[in-house]
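*Asks:* To start, I am sharing the structure in question, which I have written as structure tokens.
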Amino acid sequence: MAWISLILAGLFEMFGVAMINKLHKDRNWQSLVLLILGFGLSFIFLAYAMKTLPMGTAYAIWTGIGASGGAILGMVLGAAIGLKLVS
């Protein structure tokens, strides 16, 4: 169950990152609420996963899912891709 919680935490982090972009474009309260909800749920699921999994392992996987997922999501949604992004 801890691994499922960790994956959910990473997915909610990706959602939070997507909502940062949406809030930057739209500037409405719904985007802000969704941003807070996304990151809040991400931290809750991460905390639950860290009750069983070692902290270093949980944090590394959570960060990896969020960072790679955020980059992939940005590419899918049309963000510019260049060498500065890769390096």
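Glycine is no exception: its Cβ is also placed from the backbone N, Cα and C atoms.
Straight from TrEMBL, here's the annotation block:
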TRANSMEM  6-24  transmembrane segment
TRANSMEM  31-49  transmembrane segment
TRANSMEM  61-83  transmembrane segment
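Locate each feature and note its surroundings.
*Replies:* Within the same chain, residues 31-32, 34-35, 38-39, 41-46, 49, 53, 58, 61-62, 64-66, 69-70, 73-74, 77 sit at least 6 positions outside the transmembrane segment (6-24) and bring their C-beta atoms closer than 8 Å to a C-beta of that stretch.
Taking Cβ pairs closer than 8 Å, the transmembrane segment (31-49) reaches residues 2-3, 5-6, 8-10, 12-13, 15-16, 18-20, 22-23, 58-59, 62, 66 in its own chain, all 6 or more past its ends.
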